[in-house]
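Below: the structure, in structure tokens.
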Amino acid sequence: MKIKKALELGVKRLKEAGIKTPVTDTHLIMSKVLGVPRWKIIVEKDKEISPEKRKRFFSLIEKRAERYPLGYILGEKEFFNIKLKVEEGVLIPRPETEILVEEVLKRIPENEKRTGLEIGVGSGAISIALLKNRKKLIMYGVDISDKALQISALNAKINGVLDRFLLLKSNLFEKVPDIKFDFIVSNPPYISEEEYRELEEEVKKEPYEALVSGKEGTEFYEKIVKGGKKFLKEKGFFAFEIGWKQAQAVRYILENEGFKVSVIKDLQGHDRVIIGERQ
Ligand code: GLN
């Protein structure tokens, strides 16, 4: 079978299955199977695909058709121009989270020493993006999941920032050393139990603990602000990703503790990031 034919059948199968981006997904899966960059597939499409690779290609297409997340199939995801390994057990970084990284970067001068703390590193996306863009930054990162710590250390190593990324297994601030940070950043679980039931099947293949936060979805913000304020320097700030309906609730939590709040919208015009700065 020619590569071209396999691609056609792949796209057809994913379309039938209702996958929103059948062409992109099929090409990326082929690129993984052949071990060549995506652009090269188009050039090589009149070549034959070997029987083993064909088998592997169609088995991955089938997985995708059954709503297995593309990030887990490919084993990697691009975030803020950085390649990150992802696998089952860690949240696949979302493009919206890049806004959180941008807002934090705006508040870290290029050539000054700063120390930040991330609660819930997952794949390491946020901290690694910050570290790559600020050479004098040091990040502490905690997660309760061993898998997340293992993947984020691997990603930090691949991206050459492991020497400035201190990873700790900790439930929130439990094991965080008694030092003061310039900022605390987090993209905590923020979906309510009720919203979880409505989620698409493929999102449900990602870790429940990375997505859901109690009845209202705002429990983690409260815990992070209350538990974290003593770890912040006098001029320190909190930076969170939020669900699009949560700005008011999180604003209230931050203002209650004396922080000045700014809310930043995503490209869809939804509230997505909230910053709490000391007055
Ligand atoms: N910090 C990671 C991310 O933003 C993980 C977040 C999470 O698992 N809730 O991708």
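Please read every residue number as a count from 1 along the shown chain.
Including glycine, each Cβ sits where the backbone N, Cα and C put it.
Since the structure is predicted, the reported quantities are computational estimates derived from the model, not experimental observations.
Per TrEMBL, domain 'Release factor glutamine methyltransferase N-terminal' is recorded for 6-75.
Helix, strand and coil content of the domain 'Methyltransferase small' (105-197), in residues and according to DSSP, is 32 helix, 25 strand, 36 coil. Residues annotated as domain 'Methyltransferase small' in TrEMBL: 105-197.
Annotation source TrEMBL lists S-adenosyl-L-methionine binding site at Gly120, Val121, Gly122, Ser123, Gly124, Asp143, Asn187. Taking the Cβ of Gly120 (S-adenosyl-L-methionine binding site) as centre and 10 Å as the limit, one finds 22 other Cβ atoms among all the protein chains shown.
Among the features that TrEMBL reports, substrate binding site is placed at Asn187, Pro188, Pro189, Tyr190. Cβ contacts within 10 Å of Pro188 (substrate binding site), excluding its own Cβ and spanning all protein chains shown: 20.
Closest by Cα distance to Gly124 (S-adenosyl-L-methionine binding site), from the binding-site residues Pro188, Pro189, Tyr190, is Pro188. Checking the binding-site residues Gly120, Gly122, Gly124, Asp143, Asn187, Pro189 against ligand 1, the ones whose Cβ sits under 6 Å from it are Gly120, Gly122, Asn187, Pro189. The two recorded residues, Gly120 (S-adenosyl-L-methionine binding site) and Tyr190 (substrate binding site), have Cα atoms 12 Å apart.
Under DSSP, the residues of the domain 'Release factor glutamine methyltransferase N-terminal' (6-75) split into helix, strand and coil as follows: 50 helix, 1 strand, 19 coil. Here Pro188 (substrate binding site) is positioned 9 angstrom away from Val121 (S-adenosyl-L-methionine binding site), judged by their C-alpha atoms.
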